[in-house]
Amino acid sequence: MTAQLINGNLLSQTIRADVAKRAAALTARGRQPGLAVVLVGDNPASQVYVRNKVKACEDNGLHSVMEKYDGDMTEAALLARIDALNKDPKIHGILVQLPLPAHIDAHKVIEAIAPEKDVDGFHVSNAGLLMTGQPLFRPCTPYGVMKMLESIDYPVRGANAVVVGASNIVGKPQAMLLLQAGATVTICNSKTRDLGAHTRRADILVVATGKRNLVTADMVKPGAVVIDVGMNRDDNGKLCGDVDFEKTKEVAGWITPVPGGVGPMTITMLLVNTIEAAERT
Ligand code: GUN
């Protein structure tokens, strides 16, 4: 069997066309949706992500501001910037790119963002709303994964879903969204014993660990949907995910490539969340 690809670029195009329409309608009413992206330090991967986020705004009619600061910025200075963005009526979404330098308390910074502008959905109040089934913002990557499952009309209700990785950014909110869609969810982490015994039971397998080739073909149930959230470099410097794509695509029913899978969807859902924030004002 050769799996069908779930193409994140193609799906993004469709969703971004709708985003552009909604952005134009808001702009016509004098409320152009605006996103502020804040980057502290010079992490090369973060610089690329942030640039892509700002470009996606520009391409789809959203206003964006990029604030770049040196790695030695103080926590107090960053909190002051967030306070100013919270009060700026042109800004509907605030994203502080993670990771932050070690001397800055990331939790404190996330809690300083006004929950109604927290388009990442990381604020404890938004995490709580998600957990209790009344999300204000769905975190972008898990939201994108749900859109990918929707795009193949996958019957999530009653399916066995296994999420490998338990981060606040992906694994935990992903599990919540799958649970709310009616899946039976297992969350695995770096200490899970016999990972394959869990993953082999998955109808839907979402892998988000940042470990190249962690999931191999023998760990995948034939016909499963395999969603690879990983973003790593192979020995030749080429982008790759957490799943051994070449062999696993012969076992899975559907699979997402890296690049061109979940990555573009994360940015697309950030645009959607920013539009939603602006529509609520
Ligand atoms: N770093 C890695 N992924 C993300 C994300 O989705 N949002 C933010 N703010 N930082 C990240």
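Just so you know, the numbers here start at 1 and follow the chain as drawn.
Each residue, glycine too, has its Cβ placed from N, Cα and C.
Here's what TrEMBL has on this protein:
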type: DOMAIN; residues: 6-120; note: domain 'Tetrahydrofolate dehydrogenase/cyclohydrolase catalytic'
type: DOMAIN; residues: 139-280; note: domain 'Tetrahydrofolate dehydrogenase/cyclohydrolase NAD(P)-binding'
type: BINDING; residues: G165, A166, S167; note: NADP(+) binding site
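Of all Cβ atoms in the protein chains displayed, 18 besides its own lie within 10 Å of the Cβ of A166 (NADP(+) binding site).
Under DSSP, the residues of the domain 'Tetrahydrofolate dehydrogenase/cyclohydrolase NAD(P)-binding' (139-280) split into helix, strand and coil as follows: 52 helix, 26 strand, 64 coil. S167 (NADP(+) binding site) has a Cβ environment of 18 other Cβ atoms inside 10 Å. Excluding G165, A166, S167 themselves, the residues of that chain whose CB lies within 8 A of the CB mean position for the NADP(+) site are, in sequence, V163, V164, N168, I169, V170, G171, K172, I187, N189, A208, T209.
Taking a C-beta cut-off of under 8 angstroms and a sequence separation of 6 or more, G165 (NADP(+) binding site) has the following same-chain neighbours: G171, C188, N189, V206, V207, A208, T209, G210, V229. Secondary structure of the domain 'Tetrahydrofolate dehydrogenase/cyclohydrolase catalytic' (6-120) per DSSP (helix as H, G, I; strand as E, B; remaining residues coil): 60 helix, 18 strand, 37 coil.
Mean pLDDT for the domain 'Tetrahydrofolate dehydrogenase/cyclohydrolase catalytic' (6-120) in this predicted model: 98.
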